[in-house]
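*Asks:* According to Swiss-Prot:
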SIGNAL    1-26  signal peptide
SITE      Arg70  site 'Transition state stabilizer'
ACT_SITE  His74  active site, proton acceptor
BINDING   Asp75, Gly93, Asp95, Ser97  Ca(2+) 1 binding site
CARBOHYD  Asn129  N-linked glycosylation site
BINDING   His205  heme b binding site
BINDING   Thr206, Asp223, Thr225, Leu228, Asp230  Ca(2+) 2 binding site
REGION    346-372  region 'Disordered'
Amino acid sequence: MAFKSLLSFVSVIGALQGANAALTRRVACPDGVNTATNAACCQLFAVREDLQQNLFHGGLCTAEAHESLRLTFHDAIAISPALEAQGIFGGGGADGSIAIFPEIETNFHPNIGLDEIIELQKPFIARHNISVADFIQFAGAIGASNCAGAPQLAAFVGRKDATQPAPDGLVPEPFHTPDQIFDRLADASQGEFDPILTVWLLTAHTVAAANDVDPTKSGLPFDSTPELWDTQFFLETQLRGTSFPGSGGNQGEVESPLAGEMRLQSDHTIARDSRTACEWQSFVDNQPKAQQMFQFVFHDLSIFGQDINTLVDCTEVVPIPADPQGHTHFPAGLSNADIEQACAETPFPTFPTDPGPKTAVAPVPKPPAARK
């Protein structure tokens with residue numbers, strides 16, 4: 001079903017792009033500079049410029065960009081049709097509840113630490129005419145666009161803001177089993193996000209870092225290139241873990257192959273699960289797949305709980321990211337001999353090893369106070 005949906009999505013996008021190029025009349029925006037296919041998108045140009053200059057440091061793939069993308073997931077995934085079927089409020093999905101009720105939702109265990117990016121984003125929401133729900137997803141898309149190699153992510157306006165907080169227990173934790181994570185995503189997506197699409201969604205970890213898994217360390221990247229949207233994450237999670245970057249023994253953490261690199265237990269187990277191991281390996285050195293599949297799942301994730309027929313597509317406002325940089329490689333000191341082969345169908349591909357002493361990964365600096 002997922003692949004049929006993707007084919008339909010790609011076909012529709014291609015048809016719309018062709019039709020738009022030939023038929024769409026653009027609207028002149030009130031700023032006298034920009035034009036848009038829908039007047040509702042005009043407001044986003046000012047939001048974009050404000051974000052780029054005053055939150056993302058002139059358009060950089062920094063901690064603020066990483067955390068803004070993370071926030072999109074933690075807001076959107078908080079929806080459960082299964083709870084609703086029991087007569088229990090199951091959350092509103094991509095409705096902004098995590099930022100509207102931060103005193104409640106940022107105290108949920110998987111959301112610990114997100115209060116910082118929510119506080120940084122508050123002044124931007126206050127000075128622009130945009131719903132909290134729309135802002136969270138838009139800021140995540142803009143933040144990701146600053147990471148070379150990323151896809152252009154979807155942006156919509158018209159979401160309804162939350163009127164009550166989401167219940168606890170709806171955001172997956174790094175210590176959850178694959179079955180728990182697969183079941184949670186299937187519930188939130190009404191069956192669309194199967195184990196394969198879960199792998200696609202985890203592509204976001206290519207530009208992610210952990211601030212709260214290890215209480216003694218912050219900004220621990222999940223791969224050696226957290227500033228790039230590449231496929232090193234998929235390669236490095238299949239390397240044999242040898243040590244912890246900090247105190248070790250923390251819930252949701254397993255040994256990683258590189259000094260300074262964090263490996264989540266959930267990434268480790270999904271990369272080695274028989275249902276997902278080959279899909280995981282298929283992302284290694286496949287940049288188009290790392291872009292297209294995440295673009296697809298983000299599109300759907302960003303509208304969980306919303307009626308797409310009431311939304312306006314403003315993806316054109318999101319910058320097209322820079323081309324990917326570098327090449328797939330084994331970090332210095334490691335090679336195919338260090339791979340824990342999990343896919344039974346296809347041998348792990350061979351790549352060059354970086355020269356020099358064994359790679360150590362620098363932490364991603366925590367966000368300083370954004371310029372108000």
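Cβ from N, Cα, C; glycine included.
Tell me about the setting of these features in this model.
*Replies:* Counted within 10 Å of its Cβ, the other Cβ atoms near Arg70 (site 'Transition state stabilizer') come to 22, all protein chains included.
Cβ neighbour count for His74 (active site, proton acceptor) (all protein chains, 10 Å cutoff from its Cβ): 21.
Asp95 (Ca(2+) 1 binding site) falls outside any helix or strand according to DSSP and counts as coil. Long-range C-beta contacts of Asp95 (Ca(2+) 1 binding site), restricted to its own chain and to partners at least six residues apart, with a cutoff below 8 Å, comprise Asp75, Ala133, Arg159, Lys160, Asp161, Ala162, Gly305, Gln306.
Secondary structure from DSSP puts Asn129 (N-linked glycosylation site) in coil.
Taken residue by residue with DSSP, His205 (heme b binding site) is part of a helix.
Under the DSSP three-state reduction, Thr225 (Ca(2+) 2 binding site) is assigned to coil, being neither helix nor strand.
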*Asks:* Identify, among the recorded positions Asn129, Thr206, Thr225, the residue whose Cβ has the fewest other Cβ atoms within 10 Å in this structure.
*Replies:* Asn129
*Asks:* In whole Å, note down how far the CA of His205 (heme b binding site) lies from the CA of Thr225 (Ca(2+) 2 binding site).
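*Replies:* Given the Cα positions, Thr225 (Ca(2+) 2 binding site) is 11 Å from His205 (heme b binding site).
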*Asks:* Tell me, how many other CB atoms lie within 10 A of the CB of Asp223 (Ca(2+) 2 binding site), whichever protein chain they belong to?
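*Replies:* There are 27 such Cβ atoms around Asp223 (Ca(2+) 2 binding site).
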*Asks:* May I have the list of same-chain residues other than Thr206, Asp223, Thr225, Leu228, Asp230 whose Cβ is within 8 Å of the Cβ centroid of the recorded Ca(2+) 2 site, in sequence order?
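*Replies:* Apart from the listed residues, the neighbours are Gly149, Val207, Ser224, Pro226, Glu227, Trp229, Thr231, Gln232, Phe233.
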*Asks:* Cα-Cα separation of Asp223 (Ca(2+) 2 binding site) and His74 (active site, proton acceptor), in Å?
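*Replies:* Given the Cα positions, Asp223 (Ca(2+) 2 binding site) is 21 Å from His74 (active site, proton acceptor).
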*Asks:* Write down the Cα-Cα distance for His74 (active site, proton acceptor) and Gly93 (Ca(2+) 1 binding site), rounded and given in Å.
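*Replies:* One finds 9 Å between the Cα atoms of these residues.
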*Asks:* Would you mind listing, in sequence order, the residues at least six apart from Leu228 (Ca(2+) 2 binding site) in the same chain with a Cβ closer than 8 Å to its Cβ?
*Replies:* Cys61, Cys147, Ala148, Gly149, Thr206, Val207, Pro324, Gln325, Gly326
